[in-house]
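What TrEMBL says about this protein:
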REPEAT    13-106  repeat 'Solcar'
REPEAT    120-202  repeat 'Solcar'
TRANSMEM  177-199  transmembrane segment
REPEAT    210-305  repeat 'Solcar'
TRANSMEM  285-309  transmembrane segment
Amino acid sequence: MVGYDPNAQGSALTPEEAALAGSAAGMVTRALISPLDVIKIRFQLQIEKVSWRNRQGKYWGLWQATRCILTEEGLPAFWKGHIPAQLLSVCYGAVQFASFEALTELVHEKTSYNSQTPGVHFICGGLAACSATVACQPLDTLRTRFAAQGEPKIYRNLRHAVGTMFRSEGPFTFYRGLTPTLVAVFPYAGLQFFFYNILKKLLAHKDAKSKGLHSLISGSCAGVISKTLTYPFDLIKKRLQVGGFEEARMQFGQVRTYQGFADCLVRIGREESLRGYFKGLSPSLLKAAFSTGFTFFWYEFFISAIVSLKSS
């Protein structure tokens with residue numbers, strides 16, 4: 001079970017073990033879902049409508065975008081920015097799950113609440129994600145920049161990107177989009193842990209044997225629900241993260257420069273209508289289903305492996 005379990009005292013996790021399992025889960029999951037992430041980011045950054053009925057922009061459908069990227073940029077394009085993305089996943093998974101385990105244990109020891117209730121998981125999951133976001137935001141910005149650029153590339157590699165961004169835009173550029181990220185990540189992650197807790201228990205009551213499958217199904221459903229409810233904030237974050245990166249976006253269509261969260265929020269609504277806030281939702285939901293499902297599945301898998309090693 002994810003989170004501190006007072007009934008498993010003999011095999012309670014240390015923060016280091018939770019961080020290790022979270023890192024491993026993030027690393028495996030990232031390698032599997034990177035193509036969907038690249039397509040999602042391309043959709044989010046497109047100013048023109050993403051619609052197969054009204055084909056104004058470069059991308060107007062999931063399969064069309066896949067073929068377009070594959071034809072123009074080759075198969076490796078689906079793993080653009082994979083190194084910073086992997087660093088992000090490893091770092092984020094470690095901080096998030098270590099914080100979550102520590103927070104749920106703190107709730108058990110310092111309050112009268114049960115650490116395995118959905119409400120506790122919502123609060124602790126949101127706080128853990130906020131901690132991980134602050135720690136990993138520079139890597140998220142780098143990942144977005146790499147996934148957003150076409151050919152020819154603006155950034156040759158990770159070192160070149162960090163140096164160029166620091167010299168031309170200053171150190172705070174690595175934290176572009178932090179405000180909408182924090183606003184969105186608390187309910188997003190909180191709802192993930194909340195619904196995962198509920199769904200996992202419901203499935204366990206029906207069948208106590210298929211624990212791995214339950215983790216995958218519960219995580220996928222939790223990811224889809226939470227992503228749908230908080231998606232506009234993710235889109236705004238991506239738009240802000242590529243500010244100052246207009247040169248690399250010219251070949252994809254129109255570009256915009258936003259002055260901050262409020263300006264971005266208003267201009268998207270005014271120029272792109274309500275549907276503009278949900279560009280890239282389809283690949284994002286696919287990604288959320290696979291990503292969250294795999295993350296919880298692999299986390300519990302690695303936790304079980306650690307517990308087995310400790311017992312032996």
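Cβ atoms here come from the backbone N, Cα and C positions, even for glycine.
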Are there residues at least 6 beyond the ends of the transmembrane segment (285-309) whose Cβ is under 8 Å from a Cβ of it, and what are they?
1-2, 11, 13, 17-18, 20-22, 24-26, 28-29, 32-33, 36-37, 40, 93, 97, 192, 196, 211-212, 215-224, 226-228
Averaged over the whole of the repeat 'Solcar' (210-305), what is the pLDDT?
85
